[in-house]
Amino acid sequence: MERSFREQLCFLLLSVSVLRGCCRDLENNEISDEFYSLFNPEPRRDPPDAFVYRRPLRCMDMVAVEGQFTFTAETPHLSCATFLMAEPSELISVEFGRVDIDCSGGDFITVFDGWVMKGEKFPSSQDHPLPLYERYVDYCDSTPAKRSVRSSQNVAMVFFRVHSAGSSFTLTVRKHVNLFPCNAISQSPEGSYTMVIPQQRRNCSFSILYPVAIDISEYSLGRHSSFPKRIMPGCTESEDFVQLLGGNGIDTSKLLPITDICTSFTGPTHMKIGCDNTVVRMVSSGSFVSRVSFSYRALDSHELQTIKLNNVEDFCFNN
């Protein structure tokens, strides 16, 4: 039976939590280096010029650290995927290393600029700066100059298929500072974030893959406004606004609008949203330096139950 979207998200986010080293108490136990590396990929502090973190890559995998990852097929693997994730203020680069696959026989390794889950993509085509076909880079079709791929945001994905036992490849994953992060997926169920668009005509989305309580504390268009904030179902008359979206997929163009904010303000806007995915999306005309600040935390079980019982308050449990 196909796993639900919620189960897939739980698996991914649990993987991220482990990969970020939430079980660091293991470091103090008398366990082998091999067992330690499985549950805490944060490398031991060897000399920086000598150490590169390495581990095998699984057919279905999550990578949230820098290093070299090698896949070796013991049997045919026809549908494999690796989710790559960094901090919201970082980009990811993927470099193809030693590759031994049969491109002419139908094998492939493809890097996607974003994530794909159940046919939905993050960032959506409306929010990503590249057309969809340019977001896929296939090793078998690329030139040597394209053997290193850099993402546009803090998530990327690698799809691969190999038909023969013994086929293998190595990927080197690195993280880079993103001076003006736009689209991002949060690694954590709680935190705070400020999204800035510096006079560019673009859309930026920050995705939180948890049911959350969210406080939007500031929205600024780079100009002083004496008008009170306007929260309304739609901001059709404005080219600059912030949307709060919710739903159970990752494509922001398919999520349902919860509220729009059209005017600069300073002051809290508090909401509880019981969706698998909550998104703060900022639309900018490029006429102003747009800025939105917010904080968020995961809802506890009591809050979730209250929302679930009140169907008027939240639509996610009805979809």
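Placement of Cβ uses the backbone N, Cα and C atoms for every residue, glycine included.
Now, the feature entries from TrEMBL:
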type	residues	note
SIGNAL	1-21	signal peptide
DOMAIN	52-176	domain 'Corticotropin-releasing factor binding protein N-terminal'
DISULFID	CYS59-CYS80	disulfide bond
DISULFID	CYS103-CYS140	disulfide bond
DISULFID	CYS182-CYS204	disulfide bond
DOMAIN	185-305	domain 'Corticotropin-releasing factor binding protein C-terminal'
DISULFID	CYS235-CYS262	disulfide bond
DISULFID	CYS275-CYS316	disulfide bond
Helix, strand and coil residues within the domain 'Corticotropin-releasing factor binding protein N-terminal' (52-176) as assigned by DSSP: 13 helix, 67 strand, 45 coil
Per-state residue totals over the domain 'Corticotropin-releasing factor binding protein C-terminal' (185-305) - DSSP helix, strand, coil: 8 helix, 69 strand, 44 coil
Listed disulfide-bonded residues (CYS262, CYS275), ranked by Cβ neighbours within 10 Å, top entry: CYS275
Proximal but sequence-remote residues of the same chain as CYS80 (disulfide bond) (Cβ under 8 Å, at least 6 apart): CYS59, MET60, PHE71, PHE159, PHE160, ARG161
CB contacts for CYS59 (disulfide bond) [other CB atoms within 10 A, all chains]: 15
When distances run from the Cα of CYS140 (disulfide bond) to each of the disulfide-bonded residues CYS182, CYS262, CYS275, CYS316, the nearest one: CYS182
Minimum Cα separation from CYS275 (disulfide bond), reported as the residue among disulfide-bonded residues CYS103, CYS204, CYS262 that achieves it: CYS204
Residue with minimal Cβ packing [other Cβ atoms within 10 Å] among the disulfide-bonded residues CYS103, CYS182, CYS204, CYS235, CYS316: CYS103
